[in-house]
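Q: Okay, here's the structure, questions in a sec.
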């Protein structure tokens, strides 16, 4: 008979504990070998989120501040005598705060401007008086001069970004192009050189500029500026979409030199101004543009071109 050798029960338990310990030890070793990498990735992810938040903050603050110092814009707001003063407050409390200088020009008698009460449709006389006043008193306060009214809403950061590549010493002006001129609807921007030529060369010469003209501001101003070599520049973006939109909904397309579809392609991603905005919408637009951010929305970096 062959004798069977049996391992004592106590030794079998010890061996089982030893093997189990080896297995657990190996598993823990594997886990801890990967833990520093995982933990480091968690920290890096949190850091990147923090940096993204800081980048957003800097994106919102540093570039507009830089542009507001290098591209100075005076905004002059044409108001109608039929409208009360409260409309001015809505501009002052929203987009007007981002102008380098803000001036209101009324159709009613104004001692400082020397204007007399006129019919609301005769904006041309008011425009002449306003531009002469600005040239005499605020010419050195800005590089560009933006004409709007109390129903206009403007995104000044987009305006400055657009104007950045142009020299204010070039006789040019921008806005919504109608036929071969710039419409007063949605506003227009005169360069420093354009304002100088208008006041010094166009206005004193009745052959170049009819001061008592009865046509619209768009037509009279366009002819005066054109006669002294000021060019109406196309302000559309690279996709052909307008930056100055005279109406938010259904505008007269037949009068526009450029045709655009009445949908989202009508307006540029870098929209500058639109007109016929009711007061409460100014506050809504201000909130949507400057305070609302889509969750997970991408931040598109914009670099300033050399000029």
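Just so you know, glycine gets a Cβ as well, placed from its N, Cα and C.
All TrEMBL annotations are machine predictions without curation.
On a predicted model such as this, the values are computed, not experimentally measured, just so you know.
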Q: Quick test of your reading of TrEMBL: among 14-35, 36-57, where does it put transmembrane segment?
A: 14-35
Q: DSSP helix, strand and coil counts for the domain 'Fringe-like glycosyltransferase' (74-184)?
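A: Output for the domain 'Fringe-like glycosyltransferase' (74-184) reads 39 helix, 33 strand, 39 coil.
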